[in-house]
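Each remark here refers to the structure printed beneath this line.
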Amino acid sequence: MNPPNRTGHRFFVFSGKLAGLLYSLCCYLFFLLTALYLIGFLAGIGVPKDINSGPGITWPLAVLVDAILITLFAAQHSGMARKNFKRWWMRFIPATLERATYVLSSCLVLALLFVLWQPIATPVWNVESPWGKGLLIALFWLGWGIVLLATFLISHFELFGVKQTLDAWRKRIPEKPAFKSPWLYKLVRHPLYVGFLIAFWATPDMTAGHLLFAILSTSYILIGAHLEEKDLVDSLGEVYQSYQQEVGMLVPKRNQTKGR
């Protein structure tokens, strides 16, 4: 028979792992809802407030508010991803919950953006041709399809913090980061970002507010990709440097090496 203190310890460990797993699943569910809302927010379908809806304020103030919201997301999203922040942050939370908490934080900032975004309804372009309109709508959904596929080509559930808690639950030792470049990653180094760029720009009805979102988001993606690549070079070394030389970041290189 197990001593009471050992039984209590096992129950405590079991409860902690279960709580961590449930927490990561809740964060993942919130991410799914946020991602779906982002799609509706940009497309103007199925959401109570989209990128072009709302009472509106003077355009200079709207530009300022929207720029602050994008900057806030950029600061949170890139700041919490840096190694120095992670080292500090993991003094307060378990390593297995770090990624799920990062995902939750990003979703909360995005939710704030949805609520506070100020529309600028001035039309930039309006495609009335059925063919042109259909093409842009198809590109919009293609972009989101690329985003989803790109996450599964690497490790979807690890990217969003579920695998870490599931490994802890199953008592699996976390795998060391290893370089891999499946399918789309042989064409460009960041297909996930390519998908976002397509989705952000592909619309038959571009307003000034949507254009501002696309421009600021594109700027952040370029900056964020640069910061991410610095971390990847630090962790993977020459392997990733070789990959950088062979494969374009967002656009395929003309004489790109195949079969990596």
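In case you wondered, yes, glycine gets a Cβ from its N, Cα and C as well.
As annotated by Swiss-Prot, transmembrane segment applies to 27-47 (among others), with the evidence given as sequence analysis. Cβ atoms under 8 Å from those of the transmembrane segment (27-47) belong to residues 53, 100-101, 103-104, 107, 110-111, 114, 117, 140, 144, 157, 160-162, 199-200, 203, 205, 210, 213 of the same chain, restricted to positions at least 6 beyond its ends.
Annotation source Swiss-Prot lists transmembrane segment at 55-75 (among others). Same-chain residues lying 6+ beyond the ends of the transmembrane segment (55-75) with a Cβ under 8 Å from its Cβ atoms: 106, 109-110, 112-113, 116-122, 208-209, 212-213, 216-217, 220, 223-224.
Under the heading transmembrane segment, Swiss-Prot lists 107-127 (among others).
Residues or ranges marked as transmembrane segment in Swiss-Prot (evidence: sequence analysis): 134-154 (among others).
Within its own chain, the transmembrane segment (196-216) has Cβ neighbours under 8 Å at 39, 42-44, 51-52, 59, 62-63, 66-67, 70-71, 117-127, 132-133, 136-137, 139-140, 142-144, 146-147, 250, counting only residues six or more beyond its boundaries. The feature transmembrane segment is assigned by Swiss-Prot to 196-216 (among others).
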